[in-house]
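Feature list (source: TrEMBL):
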COILED    94-149  coiled coil
COILED    178-224  coiled coil
DISULFID  C227-C409  disulfide bond
DOMAIN    226-478  domain 'Olfactomedin-like'
SIGNAL    1-16  signal peptide
Amino acid sequence: MSVPLLKIGVVLSTMAMITNWMSQTLPSLVGLNTTKLSAASGGTLDRSTGVLPTNPEESWQVYSSAQDSEGRCICTVVAPQQTMCSRDARTKQLRQLLEKVQNMSQSIEVLDRRTQRDLQYVEKMENQMKGLESKFKQVEESHKQHLARQFKAIKAKMDELRPLIPVLEEYKADAKLVLQFKEEVQNLTSVLNELQEEIGAYDYDELQSRVSNLEERLRACMQKLACGKLTGISDPVTIKTSGSRFGSWMTDPLAPEGDNRVWYMDGYHNNRFVREYKSMADFMNTDNFTSHRLPHPWSGTGQVVYNGSIYFNKFQSHIVIRFDLRTEAILRTRSLDYAGYNNMYHYAWGGHSDIDLMVDESGLWAVYATNQNAGNIVISKLDPVSLQILQTWNTSYPKRSAGEAFIICGTLYVTNGYSGGTKVHYAYQTNASTYEYIDIPFQNKYSHISMLDYNPKDRALYAWNNGHQTLYNVTLFHVIRSDEL
């Protein structure tokens, strides 16, 4: 039963009680009991005996009776008050009834106030119950959504793990390959031991051929182990804070053992001085450096040092120059035909970054854009000696939309921006001429990246971020595909 019906029920019940009471009381008002006079009966009354009125105000009552000398009866009667009559009695009873009705009316008012108070309490409780019901529904929906999110996360994790199954199978095959290498090495060792005992009993040319073949296959296996797919980038490590907002710094991935020199180029145009620091420690802690003057100013921040030479884009041109840092002479120049320059197809941050040179495990690369490819990124593999273009790939990614880019194991990785929140979200595989959109978080600590290059020797990314020189470690997922022996 709802609250308004409860209130109506209480009022109707009270009215029924009043009606029942009045139906029992009013008949007595219509036929009021009349008061009879008390008369003497059966003989003479004692003169000294008196009958007091039961209610002298309402009826005639005999007070006393006697006989006079003549034998007549003399009675003393108490008469009712002159102001009272049978109608007065009814009036009094009606007044009493009115008082009772007024009392009941007051009781009803008290009851009504209590009912109103109880009604307000019930309404308050009803609102609280509704609120609790709403909260229960929200908790139930939130629980369902939480379960759905957990299910989605588990499903995504399973989707990530599913591709590992064939990779594990390939690792099994690679383990067999390593065992076979081990057996061949043992066989060759056995043959060499026998040769020491019996000179001339074995064909030296055949033996040398087997050793050379095994060496080549081992090197190929090691090269495969060095490469992989980018799966993660660490938080940055700040090496130094120096220079302007834009610039580049690097080490030589093909430098011989013990050569730890750092190369430093401040600015992105109209500058031709390259600093050489003897080691990373000198670069971090001192300002002791040797300065090299280039024959032409560079353009952008896409320079690289590779095998003792610095490769850079000549300012306001699409010419790439190879400059020997030991002899300080130009070894080779080459034009990248149709490549945009002079801020025609730069990265999103600008800075004459039209032509970006980079290196990976396989050699030297150039990343740029052309009108023929509608301003989208073009990747060219260069011969590091002659600067001749060996192969070119046209992508569908607009170069002006790219924040920065770098190459690892023949795959070009592109960031979605250069300031604020940044991630690596595009990858183009040159070995398969395919691309995919990825989502690898990338912490942009100082909010303005103007240079990002990979060093295959250090397995790290070098970055220039708003006047800070930083390093990022990378995580590569190795996929080994063994060829038939």
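A Cβ is built for glycine as well, from the same backbone N, Cα and C atoms used for every other residue.
Heads up, TrEMBL stuff is auto-annotated, nobody curated it.
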- Query: Within 10 angstroms of the C-beta of C409 (disulfide bond), what count of other C-beta atoms is obtained when all protein chains are considered?
  - Reply: 22
- Message: Need one number: mean pLDDT over the coiled coil (178-224).
- Response: 66
- Counting across all protein chains shown, how many other Cβ atoms sit within 10 Å of the Cβ of C227 (disulfide bond)? 19
